[in-house]
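Colleague: Supplied in structure tokens, the structure appears directly below.
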């Protein structure tokens, strides 16, 4: 019952802190961590939130990854495969190597394999944390796209290394670099295949489910199902969830307007509540970590501070090299292109759910019955890195972005939308004009109906442009309601053409998926109102 009350309290806290964060211009997930920590450290309250560590990733990561991946596209990943490889794989590996080397020097009694496990815990920035903190700050879409691409795949790299390092520590074996590389490649390949197959099966099922609510509910079950299926065959559940989300968006039908509107609202609520509980959980587990450290807490905190500096330093150096490499690139979407952008990307290395789950899932004993080497200190260092890299950037990123002058300008967002809007307008108006031409040849449309159609062409153009209609225009449309069936058929046809064009544009390189989604939402709303 206490756990249930805490979950309800965290959900309520998330709802309230969203408004507080907007007023203070601070990321509300960081405020949730602070709230959870205050609750955990308040005397007289339950000692900690009791949840099996093995359930943290399967419960929280699939829906949050699915929600984040839905906001991007395959074309974006194809365009950024180099940055994904450099950030989600190479940077994670370099961070693991540096942190594990430092841990061997700092932590008494730690083995090399246990140090590698620590490095794997703190290496991957969390996609949910990055999206939640960096998204509302209005950093340029190029930078946010880089962070999203990095965050969606780096957990897979870290999890493979962590699992191998823990197994080697428990059994007293050594790590095999060749075995690690092979496990990663096989796990990623299997996950991609599983994701594609599940997405195909899901489309078949969705085609036979006519209820919009039921179809939306299926999308909630889907990320859990694909994650568990992939993990069951020792593939990457993270990659499988991302692939199924991307593929479902790619296979989306232009005529699913009502479903898209319901699913968007549904997933907005799910993402808010799950994110709130997840980040509150990070704070709630602080008491247990502190109590496990005991009298060695000051020494461990000092070691955690050094590891934090190294983790941040490695990312700063990496982004500096990336800037020097791509600043003269002909690719307009490449990032970072300036030193200021490199600073922002370096500062957005927030750790989150994956770090917490891995820290709490460490075994207590090895196969020989001996205690796991330096478990308490490893856990405290991991949680310390999590808190510092989440809270410090979380509370300072808005100020940093403003001081550096790298915030996304409103006109840049408008330009991205206009590119998609113009294509939708041309497709819709061309379809309407074609219908009028067909009617003229068969002499089907009276003059007043053709005039009304042209009026609706203007109305559709206004919908796409975000303009409101005058009362006179509304009255003229009502005056011809006796021809509504014909008119609505033609407008629905035009809207369908516009939606299809937006979905096609969303799949193309160079098109911002979120800009396309905003245009598609306007078209979906008009379609539902028309129906």
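Just so it is clear, glycine is given a Cβ too, placed from its N, Cα and C backbone atoms.
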Colleague: If TrEMBL is the reference, give me the range from 16-49, 84-117 marked as transmembrane segment.
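Modeller: My reading of TrEMBL: the transmembrane segment range is 84-117.
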Colleague: Please identify the range among 137-159, 206-228, 229-251, 344-366 that TrEMBL labels transmembrane segment.
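Modeller: In TrEMBL, residues 344-366 carry the label transmembrane segment.
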Colleague: Please indicate, using numbers and ranges, the residues of the same chain that are 6 or more beyond the transmembrane segment (304-324) and have a C-beta under 8 Å from a C-beta there.
Modeller: 83, 86-87, 91, 94-95, 98-99, 102-103, 106, 122-123, 336-339, 341-343, 345-346, 349, 380-381, 384-385, 388-389
